[in-house]
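J.: When I checked TrEMBL for this same protein, it listed these features:
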| type | residues | note |
| --- | --- | --- |
| BINDING | 76-89, 289-301 | NAD(+) binding site |
| BINDING | Arg96, Arg106, Arg134, Asp225 | substrate binding site |
| BINDING | Asp225, Asp249, Asp253 | Mg(2+) binding site |
| DOMAIN | 4-360 | domain 'Isopropylmalate dehydrogenase-like' |
| SITE | Tyr141 | site 'Important for catalysis' |
| SITE | Lys192 | site 'Important for catalysis' |
Amino acid sequence: MTTKLLLLPGDGIGPETMAEVEKLVALLNEASDAGFEMETALVGGSAYDDCGKPVSDATMDLAMQADAILFGAVGGAKWDGVAYELRPEAGLLRLRKDMELFANLRPAICYPALAGSSSLKREVIEGLDILIVRELTGGVYFGEPKEIIDLGNGQKRAVDTQVYETYEIERIARAAFDLARARRGKVTSMEKRNVMKSGLYWTEVVTRIHRDEYADMQLEHMLADSGGMQLVRAPKQFDVIVTDNLFGDMLSDIAAMLTGSLGMLPSASLGAVDAKTGKRRALYEPVHGSAPDIAGQGIANPLAMIASLAMCLRYSFAMTAEAEALESAIAEGLDAGIRTVDIMRDGCRQVGTAGMGDAVRDSFRTKLTA
Ligand code: NAD
Ligand code: IPM
Ligand code: MN
């Protein structure tokens, strides 16, 4: 039986970083019996240019049939004038929503070699290992109504709606507690219960799930604004952070900078486990975007994309040894002083996207064949 990997490189630096992942999958196929069958399709602005939609129905079918999806990034100034429903980002949102990828895991790990690359002091981030669990298919991203209404008096009203139903909070809370159980057993739930009804209800549901199902674990509640402050003041106090779609988006970009660069943070977007097949839908993507300011120069950091492949091996295929080998190949390159420009320091060797990919691949090959 073959395993189908759907590659959606997207726009900007997406195709540049995905090229490195493609080479790593090819290496896995050579050096193991993984048997990954790769198929590539357009998404985002490049899909819009091709077919007038940011993700075609044919690509959605491929996504539904794939065993896992690797996603690059979408967006760029070229599509600024495109209708809201057809903008590149809408393609990614449709994939998340239609595939019901409700749990977005965004780990922030500070590699020892990068402890000096963060804008924060070394002692604040050295040894950092936290996991943000972002709710991904609900909240203000998808709530209705979502519209701009002409009031007819020269004024308009723009509306987005934050909505959470019980089951959505229950399932993301369970995902966070299950993940924390395999870590340090602590979950911090972040919301704004002081101003939002949805925050109040979020807290109530998370508290109940904890009391009824995970009472042996530690739960704390934090207002999301204060949580952002604590993330840069003393990030190592956290283990797992569970939060809604919008706060999770913002808090994970903040967490990215703790690790030295947005180019370092991978993510996994997971659906529920199918009771019949035991499989779950999954999409893996870096936290960063299409980086239009550096696209086309061959200098983007591919490590977030490569670490997303490691998450894919771990969560979709239980290839733990290979995932660990790939992660340690990333660390080895960094230890050897190999750097893309975003994490460059004095005394290190600067390489481009392909140079970084080569370094990881050489080290990964050695580990796979050892
Ligand atoms: P961005 O993440 O693309 O870039 C922010 C900054 O980080 C830029 O200076 C960029 O050069 C740098 N950066 C990002 N990734 C990097 C990497 N791998 N290596 C080196 N430097 C890197 O965010 P933005 O500029 O706010 O958004 C640009 C476009 O990307 C927008 O259209 C936005 O909607 C889209 N976006 C897409 C995704 C996604 O596809 N998942 C995520 C975020 C933003
Ligand atoms: C992310 C991105 C997306 C989001 C955009 C591109 C839709 O910022 O994955 O973090 O807001 O979720
Ligand atoms: Mn984001």
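Every residue, even glycine, has its Cβ placed from backbone N, Cα and C.
Values in this document were obtained by computation on a predicted structure and should not be read as measured data.
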J.: As a check: which entries in Gly76, Asp225, Asp249, Ala291, Ile299, the binding-site residues, place their Cβ less than 6 Å from an atom of ligand 3?
T.: Asp249
J.: Of these binding-site residues, Asp80, Asp225, Asp249, Asp253, which scores lowest on Cβ atoms within 10 Å?
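T.: The binding-site residues Asp80, Asp225, Asp249, Asp253 were compared, and Asp80 has the fewest Cβ atoms within 10 Å.
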J.: Quick check on the recorded positions Arg134, Lys192: which one has the highest count of other Cβ atoms within 10 Å of its Cβ?
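T.: The most densely surrounded of these recorded positions is Arg134.
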J.: Quick check for the class: what is the C-alpha distance, in angstrom and rounded, between Ile299 (NAD(+) binding site) and Arg96 (substrate binding site)?
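T.: So the alpha carbons of Ile299 (NAD(+) binding site) and Arg96 (substrate binding site) sit roughly 29 Å from each other.
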J.: Give the three-state DSSP assignment (helix, strand or coil) for Asp80 (NAD(+) binding site).
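T.: Where Asp80 (NAD(+) binding site) sits, the three-state DSSP reduction gives coil.
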J.: Where's the emptiest Cβ shell within 10 Å among the binding-site residues Arg96, Arg106?
T.: Arg96
J.: Same chain, not part of Asp225, Asp249, Asp253: whose C-beta falls within 8 angstroms of the C-beta centre of the Mg(2+) site? Give them in sequence order.
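T.: Filtered neighbour residues, in order: Ala224, Gly228, Leu246, Phe247, Gly248, Met250, Leu251, Ser252, Ile254.
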J.: List the residues of the same chain that sit at least 6 positions away from Tyr141 (site 'Important for catalysis') in sequence and have their Cβ under 8 Å from its Cβ, in sequence order, or write 'none'.
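T.: The answer is Leu93, Asn245, Leu246.
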